[in-house]
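For HIS156, ASP180, HIS182, ASP184, ASP265, ASP267, the entry in TrEMBL reads Mn(2+) binding site.
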Amino acid sequence: MNIGKMGIHYLQRLNAANVPKDLIEKGQNRVIEASLTLIRERAKLKGELLRALGGVVASTSLLGVPLGHNSSFLQGPAFAPPRIREAIWDGSTNSTTEEGQDLTDPRVLTDVGDVPVQELRDCGVDDDRLMGIISESVKLVMEEPPLRPLVLGGDHSISFPVVRAVSEKLGGPVDILHLDAHPDIYHEFEGNKYSHASSFARIMEGGYARRLLQVGIRSITKEGRDQGKRFGVEQYEMRTFSKDRHLLENLKLGEGVKGVYISVDLDCLDPAFAPGVSHIEPGGLSFRDVLNILHNLEGDVVAADVVEFNPQRDTVDGMTAMVAAKLVRELTAKISK
């Protein structure tokens, strides 16, 4: 909680010291430009490399968004991206996906680093501007073909600016496959329109998705169901998963729109498979259930995110970090061509 409040407190101290507002804004603008320049130059370098190598239609590029302050419970997801990266390259496993791609091949996977969320908040950048910076960072990756972003969260609030950027950059809505214990579709939660519990309300309001399929749901309120009906969301709850399994393991998405976006909240999994999350919800998907859904999905996956890993609640030996890394590996296989 203290980390999440640092930026606000710093801005309050600047205001209390009567620092001119135009000076504060100029400082913020310099930090924002430096942040975007770092992402831009890294993406440009990776894009140039892949274009020089040739023969790549689409390549996954990792982008970290270590944001946790929009979580309604714990803010540990802010520490997730470096832990996921560490697990991806853990020496206990090899670098090949189940479908045969070698992650050490830059044509398959590259990395453009993290959006410096805490540094931006330390300068007093508010959430409206921060969401815009996240969107702009995603667009910078997409401006360097054949790169396609796979975003490492962070809490689930990041999905809104990422999906917005993908839709705006591609020029139209996408179909979204959303794996989660919760629908995250409150109009707002605890007065926060950017809450991780409200990200898909913002996405649907903005017209950034044609279809939204939510799978693994087992913690849903009346508002969650009402909002789902309002936006025409296809909600598949765990209580009917055995009946829905065949459909969900044979999805065809993206036809007639700009592609498919996949958002994986780690709490879609039963906590037996992924205990390192902020919201423990028993009765979830098995890891192989998730992989079957992802492997069998037919559609052009243009971007994805993996969110809500909380390293502060992970078990000994980083079990959930390895689960997150395995999901990143298999999502990479869906994106890279």
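The count begins at 1 with the first shown residue.
Heads up, the Cβ atoms here are built off N, Cα and C, so glycines get one too.
Location within the structure of each feature annotated in TrEMBL.
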residue	record	Cβ within 10 Å
HIS156	Mn(2+) binding site	27
ASP180	Mn(2+) binding site	27
HIS182	Mn(2+) binding site	25
ASP184	Mn(2+) binding site	30
ASP265	Mn(2+) binding site	27
ASP267	Mn(2+) binding site	29
Residues within 8 Å of the HIS156, ASP180, HIS182, ASP184, ASP265, ASP267 Cβ centre (excluding the Mn(2+) site residues themselves): HIS178, ALA181, PRO183, HIS196, CYS268, HIS279, VAL307, GLU308
